[in-house]
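Reviewing the structure listed below.
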């Protein structure tokens, strides 16, 4: 099972990625993790990436694709792999295709923006314990207070409505084009074209999980 997960930030990709990894016994490929590992190991690509990052630059797609190809040679990728958060742009998707990175499925988790804003901006956290609440879906017994200690709950900066809306805007501008890109490729019937599947990311987590598994079996 070799797949790419697509969806806006807050669509629940991370949750579903966990279920898919466990079911198919495949690793989640994170470009951030790969970069850190390559820099730490001092590989040629890692050294090149470190030089760019130290200068405050963005690591090129060529280096990222090189890291991806190296990572896919590892033994834990024998059953496949899962990409979440990569590719983010058409040039990255083209580079993956040109490098011969095989993909069986592209799974899009579709959630309306207003549902994502409600889901993320309603989160509240008890900093000391990490306990999380939601003002609507999982409220504390006393508004704004942790159930166990009675201490104040906070809203993380990442969960503030304006931040969530900004991230969604970046997604729609830069990454949403991949939906059309992979849809078109899937419909082309070309050798090596992936199957494109879209599921709704709203509703009970277990139901979304079951729908994801069903989509990846057809």
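Numbering starts at 1 and runs along the chain as it is shown here.
The backbone N, Cα and C atoms fix where each Cβ goes, and this holds for glycine too.
Some features that Swiss-Prot has for this protein:
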{"type": "BINDING", "residues": "10, 11, 12, 13, 14, 15, 123, 132, 133, 203", "note": "ATP binding site"}
{"type": "BINDING", "residues": "31, 36, 57, 58, 59, 85, 86, 87, 88, 92, 156, 167", "note": "AMP binding site"}
{"type": "REGION", "residues": "30-59", "note": "region 'NMP'"}
{"type": "REGION", "residues": "122-159", "note": "region 'LID'"}
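Across the annotated binding residues for ATP (10, 11, 12, 13, 14, 15, 123, 132, 133, 203), the two most widely spaced Cα atoms sit 19 Å apart. Each of the binding-site residues 10, 12, 14, 57 was scored by other CB atoms within 10 A of its CB, and the lowest score goes to 57. Residue 133 (ATP binding site) carries a strand DSSP state (E or B).
Within its own chain, residue 59 (AMP binding site) has 35, 49, 52, 53 as residues 6 or more apart in sequence whose C-beta sits under 8 angstroms from its own. A simple way to gauge crowding: the CB of residue 86 (AMP binding site) has 19 other CB atoms within 10 angstroms, across all the protein chains here. Of all Cβ atoms in the protein chains displayed, 15 besides its own lie within 10 Å of the Cβ of residue 88 (AMP binding site). Non-local neighbours of the region 'NMP' (30-59) in the same chain are 66-68, 70-71, 84-86; each lies 6+ residues outside the stretch with a CB under 8 Å from one of its CB atoms. When the binding-site residues 123, 156 are compared by the number of other C-beta atoms lying within 10 angstroms of their own C-beta, 156 comes out lowest. Cα separation, residue 10 (ATP binding site) to residue 86 (AMP binding site), rounded: 16 Å. With DSSP states grouped into helix (H, G, I), strand (E, B) and coil, the region 'LID' (122-159) comes out at 3 helix, 12 strand, 23 coil. Here the region 'NMP' (30-59) is broken down by DSSP into helix, strand and coil counts: 22 helix, 0 strand, 8 coil. Using CA atoms as reference points, the binding-site residues 12, 14, 123, 133 were checked against residue 86 (AMP binding site), and the closest is 14.
Residues within less than 8 Å, Cβ to Cβ, of residue 133 (ATP binding site) and separated from it by at least 6 positions along the same chain comprise 123, 124, 125, 126, 139, 140, 153.
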